[in-house]
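Visitor: Below is a structure I'd like to ask you about.
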Amino acid sequence: FKGGDTCEYLLSSGRFLGEKVWQPHSCMMHKYKNSEAKNCLIDKHVVFIGDSRIRQLFYSFIKLINPQVKEEGIKHGNIPFEDKSASIKVDFLWYPEVNGSMRQRIKSWTEGSVAKPHIIVVGAATWSIKIHNGSNEALAQYKINITSIAPLLEKLAISSDVYWVLQDPVYEDMLSESRKMITNEKIDAYNEAAVRILNSSSRNSKAKVKVFSVSKLIAQETIMKSADGLHLPESSRDTNAMILMNVYCNKIMKPIDGSCCQPQPPLTLIQKIAFCFFTLSIIGYVIISLIHRNNYRKNKSCTDLESGEEKKPAISTPNVSTLEMLLHCFCKLGLIMTYFYLCDRANLFMKENKFYTHSSFFIPIVYILVLGVFYTENTKETKVLNREQTDEWKGWMQLVILIYHISGASTFLPVYMHIRVLVAAYLFQTGYGHFSYFWIKGDFGVYRVCQVLFRLNFLVVVLCIVMDRPYQFYYFVPLVTVWFMIIYATLAVWPQIVQKKANGNCLWHFGLLLKLICLLTCIYFLSYSQGAFEKIFSFWPLSKCFELNGNVYEWWFRWKLDRYVVFHGMLFAFIYLALQKRQMISEGKGDPLFSNRVSNVLLFISIVSFLTYSIWASSCKNKTECNELHPSVSVVQILAFILIRNIPGYVRSVYSSFFAWFGKISLELFICQYHIWLAADTKGILVLIPGYPMFNVLVSTFIFVCVAHEISQITNDLAQIVVPKDNSTLLKRLLCIAGFFSGLHFFSAMQDQSRH
């Protein structure tokens, strides 16, 4: 950690990812839309002063505000631009040389009550080289002129943002005869003079003219594509304009994926309370551990001085109390949450933008698939979707989703559509698993509900507090939580129909199907009635959980995207368990699921269906249209996979322990990636080891997986303490939890009031 200013890095260093994507050193650059640029620059006056290269930058900058602008202004004259809707003024002032005229113009802004521009971008030199034929006298005069202008710029920099743009290199082979005297050697001399003079003038001053030197680095890579060897290609000057926008606007707009120039957010009241709580937990655990260790030493076996025989102590091992276990869990969790905060809220570690290439996605996929095959073992049972198989399924899907996120593959539509199926498959398993449990066990007790809700939501609630994010931000957990409650409500409301009751009378099966039809009707109605959906989830306290950016549209979109797949999972579980009960399927080790003929036909249909969906997904041209069809057709590939995986007896009898291990911590992996593997809330990549991308991924991945595994264990341990089986104790705990959330709501309200 160099402790450097990310603004300084943004203006001075970086590299290209591919051909056109610029990656600043140590931070992420946001790509501003027209509406965002207008909101940032509202009521602002921006001035560009210089030659034709600065004019190019001026046009790229105003195109960020209005893309319809055409470069039709006077070449060697002033060019005004105004956006009346946002009261934005951007002017280009033609001063191709650093001379008395430029000094007089700059001086006019420092005198009296003249309105000063909010942003001033200055730069010139090539005309001086050209007019004076590259003479040393011209360079000496240039130094004198900059020396006289520098104090004025420093004075303006007290209240305005002032940028001095260094001269870009030229492509000497392409220069016309009239420009042959403009050499890179001369440009370097002029740049060196400008940097030395500007730095010396601000040495004893707080205000500082910012030197825009990154343009040189960009030009070194792209000047060969120049039309005349002097002016940058359009993509390069657009990058410069975007950098300029990031330098000024990031601290105002605070975009999630624009970490450059953003100050570290101040600790909120809730974060401070959480910090104190974890600190006290660590201190408490250390004190109790020391006391226990001291008592254990006193009770340790000692030698009888008279007989020389060893006597056994009354207590052989220290008993771990509930309080000690609780403090131990919170102690570990506190250290882990500190790491989360340092990674994604403190400006301690670097962050970089994602950049997608086919190799960055598909090579790791092949690698983990080969690893998974090497860890093949026999299953303990050979039922359809047995525990080992579902863990394996969750595991490889989670690994693919992680690779998808870190590689930025969402920009490639065929991959995006297949990942949508994997997310749907998780929800399918939610419907299948919870329906099977309630149908077979008939356990609708409060203990079961609280255990599931605690395991699903514990980590997310802690992250909402520590990372200062709303519950809906971690959208997948609210999704599976709501669907679990819907499944529970569907089966628990009168009449409660379970397998034991249905076996006595077949009519109960029709009763259950009627319940499922009612559920499907409700889903269909809410998916096409956004108003009704938003009214339901806009009531307090649901609104506190499901609002994002002041509305529940994002929640409606996420819910609607996979609205039928949980129902499909429930229906599949019902049909499968009915067939299993009537012994219409064979689940013996090595046996095909059905008769050979039926198995072969179903296997053929499944393979064709699986490939057909993949072909359709790969031919998608529009994400919106494909998302509309996805809820209805995603089940095709899911069912095809289940049949391919379970019809052949041998395939059903083995599983990958490698994937199953990851499957057991899949929820923790999905949530933890937001902050300690990716960065800027999944928008970028965390950089622990700069300059070594592969080594960085290996190290950050190792820590990330270990942390996810540890959090899984902490959650399981706390679930046993917080959610006991005894109903009276459980009721007391629920009252404590209600008090906790009431306090959280109170402090959140105080926090919001102080912000406003």
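Every residue gets a Cβ built from N, Cα and C, even glycine.
Because TrEMBL annotations are produced automatically, they should be read as predictions rather than curated entries.
Annotated domain 'NXPE C-terminal' per TrEMBL: 22-72, in sequence order. The domain 'Cas1p 10 TM acyl transferase' annotation in TrEMBL covers 253-734. Annotated transmembrane segment per TrEMBL: 269-291, 325-343, 355-375, 396-417, 452-468, 474-494, 506-526, 561-579, 600-617, 659-679, 685-709, 730-750, in sequence order.
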Visitor: Summarise the domain 'NXPE C-terminal' (22-72) as counts of helix, strand and coil residues per DSSP.
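Guide: Secondary-structure composition of the domain 'NXPE C-terminal' (22-72): 22 helix, 9 strand, 20 coil.
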Visitor: Taking residues 6+ outside the transmembrane segment (506-526), which of them lie with a CB under 8 Å of any CB in it?
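Guide: Distal contacts: 486, 490-491, 495, 497, 532-533, 536, 563-564, 567, 570-571, 574, 578.
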Visitor: Would the transmembrane segment (659-679) and the transmembrane segment (600-617) count as touching if the test is at least 3 Cβ pairs under 8 Å, pairs 6 or more apart?
Guide: no
Visitor: Same chain only, please: residues at least 6 beyond the ends of the transmembrane segment (685-709) with a C-beta under 8 Å from a C-beta of the stretch. Say none if there are none.
Guide: 26, 336, 339, 343-344, 349-354, 406, 665, 668-669, 672-673, 676-679
Visitor: Average the per-residue pLDDT over the domain 'Cas1p 10 TM acyl transferase' (253-734) and send me the rounded value.
Guide: 92
Visitor: With a Cβ cut-off under 8 Å, give me the same-chain residues at least six positions beyond the ends of the transmembrane segment (474-494) that come close to it.
Guide: 423, 426-427, 430-431, 434-435, 438-439, 444, 449, 452-453, 456-457, 460, 463-464, 515-516, 519, 545-546, 554-555, 558-559, 562, 566, 570, 667, 670-671, 674
Visitor: In terms of Cβ proximity under 8 Å, which residues at least six beyond the ends of the transmembrane segment (600-617) contact it?
Guide: 414, 417-418, 421, 594, 626, 633, 636-637, 639-641, 643-644, 647-648
Visitor: Against which stretches of its own chain does the transmembrane segment (730-750) lie, if we need a Cβ under 8 Å and a gap of at least six residues from its ends?
Guide: 269-270, 273, 446-447, 450, 465, 541, 544, 722-724
